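**Student:** Residues or ranges marked as domain 'Pyrroline-5-carboxylate reductase catalytic N-terminal' by TrEMBL: 5-98. Taken from TrEMBL, the feature NADP(+) binding site applies to L9, G10, A11, G12, T13, M14. Residues annotated as NADPH binding site in TrEMBL: N56. Residues or ranges marked as domain 'Pyrroline-5-carboxylate reductase dimerisation' in TrEMBL: 161-264.
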Amino acid sequence: MSERTVAVLGAGTMGELVLAGLLRGGHPAGRALATARRPERAEQLRATHGVRVVGNAAAAAEADVLAIGVKPQDADALLTEIRDSVRPGTLVISLCAGLTTAFFARRLPEGTPVVRVMTNTPALAGAAISAISPGAHATDEHVALAEELFRPLGAVLRVPEKQQDAVTAVSGSGPAYVYLFVEAMIEAGVLLGLPRATARELAVQTALGSATMLRESGEHPVTLREAVTSPGGTTAAALAELERHGLRAAVLDALGAARDRATSLAQQNT
Ligand SMILES: NC(=O)C1=CN([C@@H]2O[C@H](COP(=O)(O)OP(=O)(O)OC[C@H]3O[C@@H](n4cnc5c(N)ncnc54)[C@H](OP(=O)(O)O)[C@@H]3O)[C@@H](O)[C@H]2O)C=CC1
Ligand SMILES: O=C(O)[C@@H]1CCC=N1
């Protein structure tokens, strides 16, 4: 990867995480480009990362790998802008929720390899999970390049493209559900009389410890939950309330809504 020039087109929240991961992984700043819509954002990217920030067409003409970090609704305009500048063989990597590799292929020169990636914001802590799917013209080598780009952000895995909307519902949007649950635990702790800082420390460390247990023990969540739940105890009392309020059904419906939204983003942007 280090001998290739990588451009992040639309370096917002996710695009900047990809750029930062690339540079953290030792990629030379001289071979990294970024684009932005607002001049103040361009300046911020230059100052923070020491990369060149150029126009979209100039970046597309120079780079060997283009990571597309704009919102799905902005992708069509961006692709129209770069179409005539993309060189044959340039690898295009989409970060966009919902949009298919076919959406990109239709708007790029014939044969352009496209790889679709769904990552998530824990990338900031090197703890993302990035799910990678090749499009029609993408080879194993292209997928390997995408894996190299996303590995500094955290874990990577390959999934068939037809699973990407479900992946988006579970892990792309997933951090927001976890933050909401932790936020609710903090508020509940405050309601029970704990100082806010104490409630926060307890809730955050409990989320971290539980996630670590899930990963390192390899046990099913049910087994770990049962180990916490004493007969007639406090946990059973709490879990009964969560079930009574329909937590499980709410999660099923929520992730279904996220998946449907991803699918409709694709339908609105064919
Ligand atoms: N946020 C998340 O947790 C995740 C997001 N994604 C996907 O990543 C993509 C980006 O999301 P996110 O980073 O949150 O969004 P942001 O709004 O933070 O980033 C998008 C960036 O694209 C820039 N932009 C838009 N149009 C152009 C253009 N024509 N030329 C140059 N720059 C442009 C915007 O500039 P400006 O700021 O000036 O408008 C903005 O900086 C989306 O497609 C989303 O589906 C995927 C996984 C997780
Ligand atoms: O909310 C969104 O649409 C984006 C995609 C996944 C996470 N954030």
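Glycine too: its Cβ is placed from the backbone N, Cα and C atoms.
Since we're looking at a predicted model, the values are computed, not measured.
I would like each feature placed in context: is it buried or exposed, what are its neighbours, and how far apart are things?
**Tutor:** Remark: A11 (NADP(+) binding site) has L19, A34, T35, A36, R41, L45, V53, G69 as non-local neighbours, by Cβ distance under 8 Å and separation of at least 6 in sequence.
All protein chains considered, the CB of N56 (NADPH binding site) has 23 other CB atoms within 10 Å.
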**Student:** What's the number of neighbouring CB atoms sitting within 10 A of the CB on T13 (NADP(+) binding site)?
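**Tutor:** T13 (NADP(+) binding site): 10 neighbouring Cβ atoms within 10 Å.
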**Student:** Once L9, G10, A11, G12, T13, M14 are set aside, which residues in the chain still have Cβ within 8 Å of the Cβ centroid of the NADP(+) site?
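**Tutor:** Going along the sequence, the neighbours appear as V8, G15, E16, V18, G69, V70, L95.
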**Student:** If you run the three-state DSSP split on N56 (NADPH binding site), which class comes out?
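**Tutor:** N56 (NADPH binding site) sits in a helix per DSSP.
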**Student:** Would you say which of the binding-site residues G10, G12 has the most Cβ atoms within 10 Å of its own Cβ?
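**Tutor:** That would be G10, with the highest Cβ count within 10 Å.
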